[in-house]
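Noted in TrEMBL for the protein shown:
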- HIS159: active site, proton donor/acceptor (ACT_SITE)
- LYS163: active site, proton donor (ACT_SITE)
- GLY12, ALA13, ASN14, GLY15, ARG16, MET17, GLY102, THR103, THR104, ALA126, PRO127, ASN128, MET129: NAD(+) binding site (BINDING)
- HIS160, GLY169, THR170: (S)-2,3,4,5-tetrahydrodipicolinate binding site (BINDING)
- 6-129: domain 'Dihydrodipicolinate reductase N-terminal' (DOMAIN)
- 132-268: domain 'Dihydrodipicolinate reductase C-terminal' (DOMAIN)
Amino acid sequence: MEIAVVKVGIVGANGRMGKTLIEAVVQAEGVELAAAVVHPESSLIGADAGEIAGVGKLGVTAQDNLAAVVNDFDVLIDFTSIEMTLDNIEQCRAAGKSIVIGTTGFNDEQKAQLNAAANDIPVVFAPNMSVGVNLCLKLLEMTARVIGDDTDIEIIEAHHRHKVDAPSGTAVRMGEVIADTLGRDLKECAVYGREGQEGPRKKDTIGFETIRAGDIVGDHTVMFATDGERVEITHKASSRMTFAKGAVRAAKWLGGKSAGMYDMQDVLDLNAI
Ligand SMILES: NC(=O)C1=CN([C@@H]2O[C@H](COP(=O)(O)OP(=O)(O)OC[C@H]3O[C@@H](n4cnc5c(N)ncnc54)[C@H](OP(=O)(O)O)[C@@H]3O)[C@@H](O)[C@H]2O)C=CC1
Ligand SMILES: O=C(O)C1=N[C@H](C(=O)O)C[C@H](O)C1
């Protein structure tokens with residue numbers, strides 16, 4: 001059953017994405033901010049969430065732990081850190097709450113933990129919530145199918161100086177989509193950065209290059225290059241609001257869904273294309 005107004009909780013409310021998510025919830029219809037959580041050592045505990053985000057008072061006080069507010073929301077939106085998200089999903093699981101996860105950088109074991117929780121609660125988990133990147137994933141699938149085996153494939157990503165994981169979750173997902181389409185195992189064919197006497201490029205590898213500089217919000221280019229021509233598929237995010245709007249859309253979509261692991265392709269109904 002769909003929920004008329006989905007009550008949203010936001011963790012990491014004072015983070016780059018946390019603040020943008022609060023603003024996105026305020027701007028969206030069919031959702032309301034019901035809870036906000038900041039780091040237990042934050043000086044912002046007890047502050048109004050709207051004031052943290054710079055959108056004026058909302059009457060929601062920032063708490064120092066999720067347990068204090070877990071019964072106040074329908075869907076939690078979590079763009080924090082690996083350890084925080086793994087803890088939060090278990091709390092949502094115990095309380096029967098849905099969760100939208102934007103955090104990136106999980107290893108296979110940690111992803112298995114998220115998948116196990118999704119047996120009991122609805123989860124949207126996606127390394128990039130923007131419509132543009134999710135469309136690019138479809139374009140990459142199509143491009144890989146047509147020219148992937150005849151081209152050298154390189155994935156280049158650039159992000160701000162504060163980003164802690166590399167390559168970005170989006171770049172990894174792009175690599176997975178291409179490798180799956182070509183029947184390759186990304187773990188076997190990925191090459192991360194190059195240095196020294198590497199020798200000629202090995203056929204059927206997928207290269208990853210990472211740039212960390214300044215305030216770059218998030219750029220991704222995938223290059224399919226061969227003799228005489230190359231195709232490049234590029235996405236550039238110029239505002240975090242594109243990710244935040246996607247996450248709020250996911251929270252609304254998730255309200256009333258049954259338990260399971262979903263991604264933005266499900267939310268945007270791109271699987272059928
Ligand atoms: N899927 C997508 O579309 C996108 C995903 N991301 C991902 O979202 C994540 C967050 O990015 P960003 O907002 O830039 O990062 P920030 O560092 O700005 O924000 C993270 C927030 O989580 C809090 N936090 C982290 N760890 C803990 C902890 N152990 N306990 C309590 N609070 C914690 C931080 O609190 P404090 O600062 O006080 O420590 C902070 O408020 C990253 O993994 C990033 O890759 C980012 C953009 C888009
Ligand atoms: O940390 C970020 O900022 C971003 N992280 C995501 C990723 O790792 O792919 C998405 C976006 O590019 C911004």
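Each Cβ is built from the backbone N, Cα and C atoms, and glycine gets one as well.
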- If you check the recorded positions HIS159, HIS160, THR170 one by one, which have a CB less than 6 Å away from any atom of ligand 1? none
- Could you say whether, by DSSP, GLY169 ((S)-2,3,4,5-tetrahydrodipicolinate binding site) belongs to a helix, a strand or a coil region? helix
- Item | Greatest C-beta neighbour count within 10 angstroms, which of the binding-site residues GLY12, GLY169 | GLY12
- Compare the C-alpha of HIS159 (active site, proton donor/acceptor) with the C-alpha of each of the binding-site residues ASN14, GLY102, PRO127, THR170, and give the closest one. THR170
- Message: Most Cβ neighbours within 10 Å: which of the recorded positions ARG16, HIS159, HIS160 is it?
- Response: HIS159
- Message: Counting other Cβ atoms within 10 Å of each residue's Cβ, which of the binding-site residues ASN14, THR104, THR170 comes out lowest?
- Response: ASN14
- Starting from the Cβ centroid of HIS160, GLY169, THR170, which together make up the recorded (S)-2,3,4,5-tetrahydrodipicolinate site, report each further residue of the same chain whose Cβ lies within 8 Å of that point, ordered by sequence. THR104, PRO127, ASN128, GLU157, HIS159, LYS163, ASP165, SER168, ALA171, GLY218, HIS220
- Consider only the binding-site residues GLY12, ASN14, GLY102: which of them have a Cβ under 6 Å from an atom of ligand 2? Write none if no residue does. none
- Residues GLY12, ALA13, ASN14, GLY15, ARG16, MET17, GLY102, THR103, THR104, ALA126, PRO127, ASN128, MET129 [recorded NAD(+) binders]: greatest CA to CA distance in Å: 21
- Tally of residues which DSSP labels helix, strand or coil - the domain 'Dihydrodipicolinate reductase C-terminal' (132-268): 54 helix, 39 strand, 44 coil
- Average pLDDT across the domain 'Dihydrodipicolinate reductase N-terminal' (6-129)? 98
